[in-house]
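Here the structure is laid out as structure tokens; the discussion comes afterwards.
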Amino acid sequence: MTDQTSNVTEVKAESRIFPPPAPFAASATISGMDAYYALCKQAEDDYEGFWANLARENLHWHKPFTKTLDESTAPLYKWFEDGLLNVSYNCLDVNLQKGHGDKVAVIFEADGGEVTKVTYKELHHKVCQFANGLKSLGVGKGDRVVIYMPMSVEGVVAMQACARIGATHSVVFGGFSAKSLQERIVDVGAVAVITADEQVRGGKHLPLKAIVDEALALGDCEKVRNVVIYKRTGGAINVLEGRDIWMHDLVANQSDVCEPEWVSAEHPLFILYTSGSTGKPKGVQHSSGGYLLWAILTMKWTFDIKPADVFWCTADIGWVTGHTYITYGPLAVGATEIVFEGVPTFPNAGRFWNMIEKHKATIFYTAPTAIRSLIKAADADANVHPSKYDLSSLRLLGSVGEPINPEAWMWYYNNIGRGNCPIVDTFWQTETGGHMMTPLPGATPLVPGSCTLPLPGIMAAIVDETGHDLPNGQGGILVVKRPWPSMIRTIWGDEERFKKSYFPEEFGGKVYLAGDGAIRNKDTGYFTITGRIDDVLNVSGHRMGTMEIESALVANPLVAEAAVVGKPDDTTGEAICAFVVLKRSRPTGDEAKQIATELRNWVAKEIGPIAKPKEIRFGDNLPKTRSGKIMRRLLRVLAKGETITQDISTLENPAILEQLKQPL
Ligand code: PRX
């Protein structure tokens, strides 16, 4: 834990309260606060019984489980372990059995605007054929498959096909570099990579297959036997005989029947890499049964999903939001969902509003960064202002990935929801598998900027550094006191790191440490997230470890030392600011600018464009204590452009602060 730790005693008072609209509450799955409290009480009175009933009611079990929760190996908790099921069966076959075969599962809109609709029957067909194709390559239960694909029906199919045959997928976001991709391929031990020739975003073509080739050429990827390529654009690529195969060739003669592989509820459905405060990104391992259960329940509780809804989550399948609220949750509840290939600003910043109007979306779930940038765009150009579009189909809005500032919340509420749509500000993490704290749209009175209360069954609390509960009104460390079904199971290949990161001994080894600070309102008990308490940044809702960026910088031959901190940013929430010491003398003027550009591009190549520092400053040294520790809290103040008022008596080289004060 860093010196950012949460001695917050108040957050700016927010007195606006928005009760759920009466018509919404009347038909909601959880209608009114009494219904919410009743569910919470059920969980408190009989924790295992609560989850067992929900798991029986909401999942199709090939073989029922007999034990709900096994705590004997805590914190390696096991849920419904002796039950057998298949996630893809639950998402597809179950819907066919219910007679929803002809219902549209996916409305896909390509970057250029072309629309393709896929019914549940068609999706089932595609998944089974592709699953059989993977089997023909020898991929099977227990194998790991890396997916590096654009937003596409085929991306969803690839993930579902892995689930169908019991292979564990690891999706790598298409914006990561060859090096990041290679590190993940190696760490997870992938036997196959599924990719596309190119990805198209904002009218630009990006060469995914070429990046896969580059990643595999970096070495240590001998386990990869095949690369499967989805033809998205027909752009020129190298096809390596014997290793590479086109997706359309692979499925050409495959049967559309594929008996699912029945797996234990604990079987790893996927591994998704995310950043921590130290070391390389960690492979967060999720289960099959508990994970899917929570995906389904949160679709019902948080999103109040109904058969006629058109659900749109704008996340990428490369992030956990895309896993839970694109590939699995919406399909498992038989919803119609929109999958979008492009970006919110192409061909113009009215794209989201245009798509809501065109497809009559009823539930819209996006990130505060997108909202903030679209506010700016709407202010600058009346033609892309949401008032120009018919958004009357909307009934519910959602926010995810980072704190939503009250101003952005109000704009979203008034301009997109037209004052009629509740906003669910969902707090959760890659590790939690699904929502943890969020308003319930038919029950919870909303307060801008607060994720309000934990979902039923989620025992969230705020504690001090010694693990003791803090009273409302006092900021502290966010923890979850009991295991829950969709929680992270382990860090792939590193159980020790899993225990240390999430269940530290200081708190008794059985309490989940979220890594965020939080505070509860004195009167309402509502939670507000006050930010990470470790060295993790949140840039545009993307999670980045400062250490990762520092390592990338020091790998450059010019760089001797680097320290990275976050600074508040109007659009991206946080921005990356790097303080760099070169091996040569400190550059100034144009030369400094030129080297900064070089280093920013270097980081893009090492990690991916999302990790590019927004700002780089050069110094002869970094502010250090006498024992040589970099004083990051001072760098954070400098990055913000504020004056240092803290005690600097332990600082070895105070003069350096003056040098680092000025942006280039
Ligand atoms: O700091 C919290 C922030 O995002 C972190 C999790 O990032 P990631 O694992 O990439 O998952 C993002 C999508 C679920 C959290 O530790 N965060 C996420 N949602 C919110 C949030 N901060 C404030 N409010 C939220 N609603």
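Just so it is clear, glycine is given a Cβ too, placed from its N, Cα and C backbone atoms.
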- Message: Just to be sure I read the record right: Gly401, Glu402, Pro403, Asp425, Thr426, Phe427, Trp428, Gln429, Thr430, Arg532, Arg543 are listed as binding ATP in TrEMBL. Which of Asp379, Asp381, Asp516 is listed for the same site?
- Response: Asp516
- Task: Can you figure out which of Arg201, Lys204, Thr321, Val559, Lys629 (the recorded positions) comes closest in space to Thr430 (ATP binding site), comparing Cα atoms?
- Result: Thr321
- Message: Please count the residues of the domain 'AMP-binding enzyme C-terminal' (548-629) that DSSP assigns to helix (H, G, I), strand (E, B) and coil.
- Response: 28 helix, 27 strand, 27 coil
- Round to a whole number and give the Cα-to-Cα distance in Å for the pair Val554 (Mg(2+) binding site) and Lys629 (N6-acetyllysine). 17
- Task: Please check each of the binding-site residues Arg201, Gly202, Gly203, Lys204, Thr321, Val559 and report the ones with a CB atom less than 6 Å from an atom of ligand 1, ordered along the sequence.
- Result: Thr321
- Cβ packing number for Val554 (Mg(2+) binding site), 10 Å threshold: 15
- Fewest other CB within 10 angstroms, which one of the binding-site residues Gly202, Pro403? Gly202
- Task: Run through the Cβ atoms and count how many others sit within 10 Å of the one on Thr321 (CoA binding site).
- Result: 25
- Query: Between Pro403 (ATP binding site) and Gly202 (CoA binding site), what is the CA-CA distance rounded to a whole number of Å?
  - Reply: 26
- Roughly how many Å separate the Cα of Thr321 (CoA binding site) from that of Thr426 (ATP binding site), to the nearest whole number? 11
